[in-house]
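Peer 1: Below is a structure I'd like to ask you about.
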């Protein structure tokens, strides 16, 4: 009695915002099934040309009463993704998880740094990438990805605000349950995720998941230590994002506790 369904909900981003944690925590819910990998259907042309049946073939099997969710953090910053998703299903519900934009930049750098170290490629200090000729390097991709207002504008051309639920990534890590209960309500699902589904892992410094008699933590690549960043550079980043954040708050009628 199961089949593969096109997702009724997509986690559209943001990269290094907590998309994996959100997906794995939602997977606890009996009415949710999740795609195992990031599909990159709507943001990569070479996948999009393969068509909707190819996309569906990558989804998990589900029952009629279950919602299929996929997550690809690259969608949020993709110029093509909003229109392509709208063409597939104009009434789809979207989940967007965001965190403090400066933290997100540092986390973005950290992931690339470790990937380069593991591949024996040369690495640069954070400050040497972020500052060029004494000024903030606003062309740095990680900074571009944190301009939430710029990207959100594209989504709001195709979707109404009530179709996009914003999850506070900073809160999800510190206290997952309230954020997940908001998602349950947004998706019109019965409340099934409970505080007993989480336990705090002192070693990792964040919550791990307990469900179906099993305990699991996020992959070891998550929660890696960030570099200590020079305070002057931090202040330059906070200052640069301040206006963008204010514009974003107005756009979504909600303020966040960001620098």
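Note that the numbers count up from 1, one per residue, in the order the chain is shown.
Just so you know, glycine gets a Cβ as well, placed from its N, Cα and C.
From a predicted model like this one, the values you see are computed outputs, not experimental measurements.
When I checked TrEMBL for this same protein, it listed these features:
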{"type": "DOMAIN", "residues": "7-245", "note": "domain 'Sulfotransferase'"}
{"type": "BINDING", "residues": "16, 17, 18, 19, 20, 99, 107, 207, 222, 223, 224, 225, 226", "note": "3'-phosphoadenylyl sulfate binding site"}
{"type": "ACT_SITE", "residues": "16", "note": "active site, for sulfotransferase activity"}
{"type": "DISULFID", "residues": "208-217", "note": "disulfide bond"}
Peer 1: Near the Cβ of residue 107 (3'-phosphoadenylyl sulfate binding site), how many other Cβ atoms are there if near means within 10 Å?
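Peer 2: Here the count is 22.
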Peer 1: Would you mind checking how many other C-beta atoms are within 10 angstroms of the C-beta on residue 217 (disulfide bond)?
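Peer 2: For residue 217 (disulfide bond), the 10 Å Cβ neighbour count is 16.
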Peer 1: About how far apart, in whole Å, are the alpha carbons (Cα) of residue 107 (3'-phosphoadenylyl sulfate binding site) and residue 217 (disulfide bond)?
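Peer 2: Cα-Cα, rounded: 19 Å.
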Peer 1: Quick one: Cα separation, residue 18 (3'-phosphoadenylyl sulfate binding site) versus residue 208 (disulfide bond), in Å?
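Peer 2: Pair distance, Cα basis, whole Å: 13 Å.
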